[in-house]
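Written below as structure tokens is the structure these notes are about.
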Amino acid sequence: MAEPTPIFQRMAVIGLGLIGGSMAAAVRQNRLAGTVVAFDRRYEDALLGQELGVIDEAAASIADAVTGADLVVVAVPVRATESVLAEIKPHLAPGTLLTDVGSTKASFVGAVESVFGELGANIIPGHPIAGSEKSGVAAANPALFAQHKVILTPGEGTDPVKLDWLTRLWEGCGATVLTMSVAYHDEVLAATSHLPHLIAFSLVDTLAGEDQNMDIFRYAAGGFRDFTRIAASDPVMWHDIFLSNRDAVLRVIDHFSRDLDQLRTAIANQDSATLLTVFSRAKAAREHFSKMLSGQAYVTDMSQNQVTFHLKPGGRMVGDIRVPGDKSISHRSIMLGALADGVTEVNGFLEGEDSLATLQAFRDMGVTIEGPDNGYVRIYGVGIDGLQAPRGPLYLGNSGTAMRLFSGLLAAQPFDSELTGDESLSKRPMGRVADPLKAMGAVIETAEAGRPPLKIRGGQALTGIHYEMPVASAQVKSCLLLAGLYSEGATSVTEPAPTRDHTERMLEGFGYHVHRNGAVSSVSGGGRLTATAIDVPADISSAAFFLVAASIAPDSDLTLRHVGMNPTRVGVITILRLMGADIEVSNEREVGGEPVADLRVRSANLKGIDIPEDQVPLAIDEFPVLFIAAACAEGETILRGAEELRVKESDRIQVMADGLEALGVRTTVTPDGIVIPGGQTIGGGSVDSHGDHRIAMSFAVASLRAVGDIVINDCANVATSFPGFVELARSTGIQISAEGI
Ligand code: S3P
């Protein structure tokens, strides 16, 4: 095989310590540059690097290293940067890419500006989030950056081609590259890296100064060792980092000192409540970080988790089950519980990634939330005006509901905020909420074509409006009602067709009156919410997979308990019954303002129907699995008036049609729906869910009537709405296994 062409001809590393050396070694090992040359103030270190195979050539001077290089990497302690840049400047060829690896970025940009006048198109600040308490070229490790993040902070005028080269270079070293602003980088790193180092240095120093220090160290076990490992890091490097990132570090030290003081007071006063609250909040946050911060610099991105479902054909559905809690209600329970006065207890909370994203975002805004523990959550409400500014963007994963409802709430807060999401959420339309919010006086910036991220400017006085929604959307309605809680006068929303009314019901449950008159819902600003208890019903949207499964699989008899039966959500039952499904509803009752019932479903010979358009908003999330029912029915099923399906987690019309086609089922796609001739054989094959949870689960259901094995790709997002789906599906009769969980 031909050798790959290196990205750079000649890379010059200035400063051959642990990071410079490791980068040189990784670049050499992966053949990303033709020649790697290094200069170090201690020439013997450069020679050692050459001897160890970390670099190709040791340069005797900066001039020798930089001359002819098309990539220069500055890897010196941050306080030495400016003088090194001044030495590099006369030898830098035009077009040479200049970057660094320092832990503080404003200081690098400052040094560049004082030497070069500006951050030119070819200068890109960088920072690999990797390291070790070891130092020096002898500790260089070409694998140091594998599976680590590298943050680049390009400027407005950065040459995109150079940015691409540098990105590919780091990716070639095994890293994942993220870009962010200089200021945000420095804030984030002050909190996540600089402060922990400071505390580790300080703690070890304090203990070493105690009289019995030998004994203390002798008896110090795992906790001390884990916590203080980084106190063995390079003192000069850290000295430089703290002085260079002074302001951000001081802010976070002050914050930490206040919190530490609060714990001291709590211990002195035997204040168990404060101690338990802080510790359980921290424990929950620590456990949650690895999942929910996936959009940020220092943790794994869950959406890169490849999960594949494998299904064997056939089976029958039997059992007596309860599916997880309703996603829409779970989101709202956290939001209103957080804004209420008093403590709200929630049972049946959905522990899926979407509602957990909402929960974490409120923690980020200063709300104490205990749990979730087996569906139990306790929210210590901060009152309608009690939210605090989050320190960074709120990452909402895959959740459109969270982003749209948050936008209404945050538009009315005194602080600025930014809402971000995963790849799928980043493509979804947000103009539908941003536009009416702007009409209320909100200041919101979206990316191109109204897409996320949303940048919301706080401190705006909102005024109530009357809004006629062009699309039937519960998310838009809820967003405006939430903004309306903070607005001058009344905010009213008219819907073109009934949409889920959980927000209205729950606001009433929290003692906030919502005036409802036909298609119009309105609230008056200025009231307060009172904490309450919430019992979240099982999610009818999750139950839908089992309703269809037991209908299409022969000899099935399945009971689903405590299913939410809100009239604005039961379209799936109406449609399935029109198709001839055998669904028995019993034990109808009301829990906390929401109707619930038990459902017994048995196999039936389904027939194709013309789906009544008025049912579309009432079954909006259930169409993917209804398409599977239609494929198994006798005769043709026609869906119209459902263009909204094209802007869900995926284009659910096209993605379902493509998946069905991959299994040999013909359909005709229309702009606002689909025509599915029934009675076709569902073959085996491989289906791409496009990261859409409901598509993945729908094709798992299809296996019950398939004649061959089905493989479904890209299923990690099933965890957004239905944790435990695979186990529950298997226990009731679907022959499913999952790979990659
Ligand atoms: C939801 C409303 C619906 C639905 C979504 C949840 C909600 O979206 O599809 O899964 O919780 O308000 P639209 O309001 O955009 O139709």
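Every residue number used here counts from 1 along the chain in the order it is shown.
Every residue gets a Cβ built from N, Cα and C, even glycine.
Quantities reported herein were computed from a predicted structural model and do not represent experimental measurements.
TrEMBL lists Lys327, Arg428, Gln475, Arg652, Arg694 as binding phosphoenolpyruvate, and of Gly397, Gly400, Gly724 the one it places in that same site is Gly400. Residues Lys327, Ser328, Arg332, Ser473, Gln475, Asp621, Lys648 are recorded as binding 3-phosphoshikimate; their most distant pair of Cα atoms lies 19 Å apart. With respect to ligand 1, the binding-site residues Ser328, Arg332, Ser473 contribute Ser328, Ser473 as residues with a C-beta closer than 6 angstroms to one of its atoms, given in sequence order. Take the CB of Gly400 (phosphoenolpyruvate binding site) and look out to 10 A: across all protein chains shown you find 21 other CB atoms. Most Cβ neighbours within 10 Å, among the binding-site residues Ser328, Ser473, Gln475: Ser328 holds that distinction in the structure as shown. For Asp621 (active site, proton acceptor), the binding-site residues whose C-alpha atoms fall inside a 10 Å radius of its own C-alpha are Lys648, Arg694, out of Ser328, Arg332, Gly400, Ser473, Lys648, Arg694. A helical conformation is recorded for Arg332 (3-phosphoshikimate binding site) in the three-state DSSP classification.
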